[in-house]
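Chemist: Handing you a structure now.
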Amino acid sequence: MTTQSEGLRACAIVDLDAVRASVATLVARAGNAATMAVVKSDGYGHGMSACARAAVEAGASWLGVAVIEEGLALRAAGFTVPVFAWLTAPGEPLADALAADIDLSASAPWMLAEIAAAARHTGRRARVHLKADTGLGRGGATEADWPSLCDAAAALAAEDLIEVTGVWSHLAFADSPGHPTVRGQIGRFADAVTIAEKTGLRPQVRHLANSAATLVSPDARFDMVRPGISVYGLSPGPQVGSPAALGLRPAMTLTARLALAKRVPAGSGVSYAHRYTTAVASTLGLVPLGYADGVPRAAGNTAEVLLAGRRRRIAGTVCMDQFVVDVGDDPVQAGDQVILFGSGEHGEPTAQDWADALGTINYEIVTRVGVRVPRVHLNASDGPRGTGRQAPGGPGAARPAPGMAGSAPAAVGPSDAGLSGAGSSGPGLPGAGPSAPGWLPS
Ligand SMILES: *Cc1c(COP(=O)(O)O)cnc(C)c1O
């Protein structure tokens, strides 16, 4: 364990060297295209500022988020690279976004009208990416509506209220390599770009590719790629390949310490509704994480954890704050480390194993880790205006994460979604931290 995770009931350890290594792979795969690291939803649960900084250090030149608040939090944390926020509902504070120099997306004329109003209000020209629905059937203008969206944007550009920075779209089946819709969407996207150009628009960046397409569909790269899940070292799907095969390193390890270990007789009912009963006299370990922390309730009697050198299935119902593991006659005691998931290198399950057990995707497993679970960032780089506080573990111990100045202990904090006002140095600074300490018990 790291020095920083000692004394914590539970934590999500996030190795920023793994983020840097994975982003370096993505930047290399992107070739001449720029890389926008997608850090929405608190960096897929990994801590937005720390991961964004690691991504920029590894060569990402844009940051992508879903909502405006996330973009504002990046600016508050000191990031100066272009930031794109693509999901808004009518009536949002677009003036704040323009004041913070956040690029916005428009799929419909009402959004362009709101952006133009915010531009008039602030006196700042808005940077807008027009979104085409090329087949995902989610956001974006349909093929029928696209020409009029381009016309409306061109009119606002002529008034100098907006600048069409980008044209973009999103893929439906990128995680099924070779799926015919990928080729079809690439073609429709190229057509949408042509129409935009015929309208007189000159977008600097055309972007379509998520992680899967960045890794396996070179034709989808255009001027910029938008990888998300792979930034955190996870594969976008089993069909795309394992993290190792893709050159990715899973960054998060979700871990806890047993809150109690006790001997019980055969036939003991365990947890709510006794969905598990001990077959023989046995030792139960109590893990202080529950569905409020992101351990799905459906994981009861299903998902496995690593404890005392072996994988063990969760015994009975997962509660809001805790669940139980039956370790039989193995010697465990309160304080012993439990690993729910990690890279798999030490025999622990992976987020993909949890996803497989629960019929979901690894994205959901990592993103739902709750705000009560501190993120411990390993190998954070020191910025010139960082706290400068060296963790007690000396060289190799975790350092303060960017945007977390003043939090204590160093590099340990709640997830930073919604963080605002935390002063920090800008990204892109030299001096990556030392390599990860051996935090696992030997
Ligand atoms: C989340 C998201 C991404 C990143 O997708 P991954 O599959 O995580 O790489 C890219 N673009 C948009 C529009 C998204 O919503």
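The chain as shown is numbered from 1 upward.
The backbone N, Cα and C atoms fix where each Cβ goes, and this holds for glycine too.
Checked TrEMBL, it gives:
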ACT_SITE  Lys40  active site, proton acceptor
MOD_RES   Lys40  N6-(pyridoxal phosphate)lysine
BINDING   Arg138, Met320  substrate binding site
DOMAIN    251-378  domain 'Alanine racemase C-terminal'
ACT_SITE  Tyr272  active site, proton acceptor
COMPBIAS  397-419  compositional bias 'Low complexity'
COMPBIAS  432-442  compositional bias 'Low complexity'
Chemist: Minimum Cβ neighbour count within 10 Å among the recorded positions Lys40, Arg138: which residue?
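Modeler: So among Lys40, Arg138, the recorded positions given, the one with the fewest Cβ atoms within 10 Å is Arg138.
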Chemist: Sort the residues of the domain 'Alanine racemase C-terminal' (251-378) into helix, strand and coil with DSSP and give the three counts.
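Modeler: Per-class counts: 23 helix, 48 strand, 57 coil.
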Chemist: How far is it from Lys40 (active site, proton acceptor) to Met320 (substrate binding site), counting Cα to Cα, in Å?
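Modeler: That separation, Cα to Cα, works out to 25 Å.
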Chemist: Which state, by DSSP, holds Lys40 (active site, proton acceptor): helix, strand or coil?
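Modeler: The residue in question, Lys40 (active site, proton acceptor), is helix (DSSP, three-state).
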Chemist: Rounded to a whole number, how many Å is the Cα of Arg138 (substrate binding site) away from the Cα of Tyr272 (active site, proton acceptor)?
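Modeler: Approximately 40 Å lies between the Cα of Arg138 (substrate binding site) and that of Tyr272 (active site, proton acceptor).
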Chemist: I need the CA-to-CA distance for Met320 (substrate binding site) versus Tyr272 (active site, proton acceptor), whole Å please.
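Modeler: Cα of Met320 (substrate binding site) to Cα of Tyr272 (active site, proton acceptor) measures 11 Å after rounding.
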Chemist: Who sits close to Tyr272 (active site, proton acceptor): which same-chain residues at least 6 apart have their Cβ under 8 Å from its Cβ?
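Modeler: Correct list: Gly316, Thr317, Cys319.
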